[in-house]
Amino acid sequence: MIETDKLAAPARVIAATPASSQEEAFERALRPKLLDEYVGQEKVRGQLDIFMHAARNRREALDHVLLFGPPGLGKTTLAHIIAREMGVNLRQTSGPVLERPGDLAALLTNLEANDVLFIDEIHRLSPVVEEILYPALEDYQIDIMIGEGPAARSVKLDLQPFTLVGATTRAGMLTNPLRDRFGIVARLEFYTADELARIVTRSAQLLHARIDPQGALEIARRARGTPRIANRLLRRVRDYAEVKGDGNITRAMADAALAMLDVDSVGFDLMDRKLLEAVLHKFGGGPVGVDNLAAAIGEERDTIEDVLEPYLIQQGYLQRTPRGRVATAAAYRHFGLANPQGSGASELFGDA
């Protein structure tokens, strides 16, 4: 049984990154354990099912797997599922934690045959650690230095066959030598509203919360295509329904709760609207460089590129061009504004 959620709301309720270690623990309780329970990502699921089946039949380690895509789409969940489906242990770490070659060597030498090593944020591995990883991935061997100064010598250690599962939100930051060593590369895409509604319904059952199909769909529509956000919104809507209603999550109850949270009909919060309004009002619809945009809304460049932009671009409200960011006709419509002739947006997209 999952205990009552006692989390405080994060700064952005629609942020795709975990708000705290408590929320991470709560996510684990809702996480599907097997590939058959995993909703969405049909192409990736189909590929992994075949590759894992073949590896199990041959009693071999699965090829190394690279999972990339925006945060909150299930990369960590898939790593856990791979280990469970293969019937092996999972060892989990992240790129920034592996500061020295010895840190990685300690992990690798403790792996059992065919185990899964999951490295989150693998694009943040230091170059010296990455160099140690290359022979481990190709030949299941590592070279370590013993001693110091003139007495130092290199010792080659054999490793058990293993599977590296790397996850990243910034695939472009991976070095070519590292990327080329992954036999399986999969991009996770944003989820549809129907897929998210299925996830919300399943999570509600685990939380012993009452929800009707329209209530689940309303939450799903505003979850920005991201399961992590959908589950977070569900918990907040459940709180609202228990205090303001009879605990049953209907469409009207979900709408009222999400309005209180300042999440609008397409899943935008204050920061999304602030970014789009800056492009529209301060820069005439664009184009505007990302550094100028960051200064205008008081955010870091990385926050705009990694957190705010992906969903706005994917949904067609913002466009990246060689000259900068441009608001699309959909952005004008969302704010009830006329799309002025001769603006950056109308030149690129027209008034349709």
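Just so you know, glycine gets a Cβ as well, placed from its N, Cα and C.
Feature annotations, reproduced from Swiss-Prot:
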- LEU30, ARG31, GLY72, LYS75, THR76, THR77, GLU138, ASP139, TYR140, ARG181, TYR191, ARG228: ATP binding site (BINDING)
- THR76: Mg(2+) binding site (BINDING)
- ARG301, ARG320, ARG325: DNA binding site (BINDING)
- 4-191: region 'Large ATPase domain (RuvB-L)' (REGION)
- 192-262: region 'Small ATPAse domain (RuvB-S)' (REGION)
- 265-352: region 'Head domain (RuvB-H)' (REGION)
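Sequence features, as recorded in Swiss-Prot, placed on the structure.
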{"residue": "LEU30", "record": "ATP binding site", "DSSP (3 states)": "helix"}
{"residue": "GLY72", "record": "ATP binding site", "DSSP (3 states)": "coil"}
{"residue": "GLU138", "record": "ATP binding site", "DSSP (3 states)": "helix"}
{"residue": "TYR191", "record": "ATP binding site", "DSSP (3 states)": "coil"}
{"residue": "ARG301", "record": "DNA binding site", "DSSP (3 states)": "helix"}
{"residue": "ARG320", "record": "DNA binding site", "DSSP (3 states)": "strand"}
{"residue": "ARG325", "record": "DNA binding site", "DSSP (3 states)": "strand"}
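A distance of 24 Å separates the Cα atom of TYR191 (ATP binding site) from that of ARG325 (DNA binding site).
Along the region 'Small ATPAse domain (RuvB-S)' (192-262), the predicted structure has mean pLDDT 92. The two recorded residues, ARG325 (DNA binding site) and GLU138 (ATP binding site), show a Cα separation of 41 Å. All protein chains included, TYR191 (ATP binding site) registers 25 other Cβ atoms within 10 Å of its own Cβ.
Between the C-alpha atoms of GLU138 (ATP binding site) and ARG301 (DNA binding site), the distance comes to 36 Å. The two recorded residues, ARG301 (DNA binding site) and GLY72 (ATP binding site), have Cα atoms 20 Å apart. In this structure the C-alpha atoms belonging to GLY72 (ATP binding site) and ARG320 (DNA binding site) are separated by 23 Å. Of all the binding-site residues listed (LEU30, GLY72, GLU138, ARG301, ARG320), GLY72 sits in the most crowded Cβ setting, with the most other Cβ atoms within 10 Å. With respect to Cβ neighbours within 10 Å, the binding-site residues THR76, TYR140 differ, and TYR140 shows the lowest count. Report note: the DNA site is defined by ARG301, ARG320, ARG325, and the residues of the same chain whose CB lies within 8 Å of the CB centroid of those residues, excluding them, are GLY289, VAL290, LEU293, ILE304, GLU305, GLU309, GLY324. Cβ neighbour count for ARG325 (DNA binding site) (all protein chains, 10 Å cutoff from its Cβ): 26. Secondary structure of the region 'Head domain (RuvB-H)' (265-352) per DSSP (helix as H, G, I; strand as E, B; remaining residues coil): 47 helix, 9 strand, 32 coil.
The two recorded residues, LEU30 (ATP binding site) and ARG320 (DNA binding site), have Cα atoms 35 Å apart.
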